[in-house]
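As recorded in Swiss-Prot:
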ACT_SITE  K286  active site
ACT_SITE  R360  active site
BINDING   K274, D279, D297, E358  Mn(2+) 2 binding site
BINDING   D279, D356, E358  Mn(2+) 1 binding site
Amino acid sequence: MDFSIKGCDWSKGTANGFLTGKSDCIVLGVFEAQTLSGAALDIDEATKGLVSRVIKAGDIDGKLGKTLFLHEVSGIGASRVLLVGLGRQDAFSQKAYGDAAKAAWRALLGTKVVQVTFTLAQLPVPERASDWGVRAAILALRNETYKFTQMKSKPDAGAPALKRVVFSVDPADDKAAKVAAKQAVALANGMDLTRDLGNLPGNVCTPTYLANTAKKIAKDWGLKVDVLGLKQIQALKMGSFLSVAKGSVEPPQFIVLQYRGAAAKAAPVVLVGKGITFDSGGISLKPGEGMDEMKYDMCGAGSVLGTMRAVAEMGLKINVVAIVPTCENMPAGNANKPGDIVTSMKGLTIEVLNTDAEGRLILCDALTYAERFKPAAVIDVATLTGACIIALGHHNTGLFSKDDALAGELLDASREAGDPAWRLPLDDEYQDQLKSNFADLANIGGRPAGSVTAACFLSRFAENYPWAHLDIAGTAWKSGAAKGATGRPVPLLAQFLIDRAGA
């Protein structure tokens, strides 16, 4: 799909190209109380009041998400007009813009429209310019067109009729909007990869499959990749990671993917992704109902790989390292047992009180390994705890960090990207819940504040650099009729790296 940008100030008579240019459809916004957007006012004038007459007739009331097509419109170059309800003008927000864009794309994708002129990016979203509107609209469109059908006997290969979108933006935002469009396409491609990896079944998306995916990213985009196998992992004395992996016949993989967009001496940002490609719970077996969704327990790894692909396509001037420890968590005669004590790469001993708290056991060794890169920051991403879902539901990703500056950067990025996160506490008092009578620490801290104690566990292995933990258990996938991976938190991570790179 092709996206292009054209500057236009609808209020100053510079819209003639949009009025007369050939297009299958032009998209206009309509607020409640019969208030037209700037573009809609100009089109209304060019069509001798057609838009106003339609609104006064009650065919569209401006409520958020309502749409109406006008056909065979005279006075303009577009053969159709799509009116999109924007809701109340005084309540128009970032979310309302996203909902309006989504409604527009859904309406358009149900037609044979090939080329569309999209004016909504210029709507007055508080604290957002039209370049932001372009990016959000492209991501909304790509979300609407995403399909996962490759595992069906007859995959749906049908492509939408829509092939070209022309965005009208404020002239001052023209250059920034072109950058935003490029970044949005790269981000959408990274999110699609993340969603594909999450949606694949566990018998396909194995640790070896993830490793091969990393190799393909490296080959396609010129990155450096190292995949460590069992013997190399053993040589590094990653006893905690290996204790989880040993219960499965699938061999563990330890993936290191490096993107170098800045000077070699520049300290990298390290992203660590939990890669449990299927989590049965191990000996602490999960209930059968809903266990199929434990194929999504590698979404931390998937989001890290998707982010790396997006960063490479954007060409950001920053160094980034992705680390993915990946294995299955399965019950077997040689699997971890409750009460076992294992030794981590750092040398700390861990009492495994619950084998279903395995994510932290593989991440802790990866966090220790990250030290060798002398990182500017380390961010781990994991579907770590059901407790985070209880605390935050399915809207906000849980953010934990003792570094206020790093946490602030991530929260700013989450707001800019529309990929919300919420900071939760990481006070030292919670560490007491991880005490063990027999080892340096236990892998669980009881029911109270389960997401916090999980983050506290990880913090023991991330003391030598700025560190943050993202718990995506509630945001990495959806259940029910809309079951599927979401691609989150790729937008948050990518925006954080864009900001760090100054792009």
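Residue 1 is the first one shown; counting continues down the chain.
Glycine residues also receive a Cβ, built from the backbone N, Cα and C atoms like all the rest.
Sequence features annotated in Swiss-Prot and their locations in the structure.
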residue : record                : Cβ contacts under 8 Å, 6 or more apart
K274    : Mn(2+) 2 binding site : D297, M298, G300, A301, P325, G359, I362, L363, D380, V381, A382, T383, L384
D279    : Mn(2+) 2 binding site : K286, M294, D297, E328, N329, D356, E358, G359
R360    : active site           : A382, L384, N443, A454, F457, L458
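Secondary structure at D279 (Mn(2+) 2 binding site), taken from DSSP and collapsed to helix, strand or coil, is strand. Same-chain residues that are not part of D279, D356, E358 yet have a Cβ within 8 Å of the Cβ center of the Mn(2+) 1 site turn out to be V244, I276, S280, G281, G282, S284, K286, M294, D297, N329, T355, A357, G359. Per-site Cβ counts within 10 Å over the recorded positions K286, D297, D356, E358 peak at E358. In sequence order, G275, I276, M294, M298, N329, G359, I362, A382, T383 are the same-chain residues whose CB sits within 8 A of the CB centroid of K274, D279, D297, E358, the residues recorded for Mn(2+) 2 being left out.
In three-state terms derived from DSSP, D297 (Mn(2+) 2 binding site) belongs to a helical segment.
Reduced to three states, the DSSP call for R360 (active site) is helix.
Under the three-state DSSP scheme, K274 (Mn(2+) 2 binding site) falls in the coil class.
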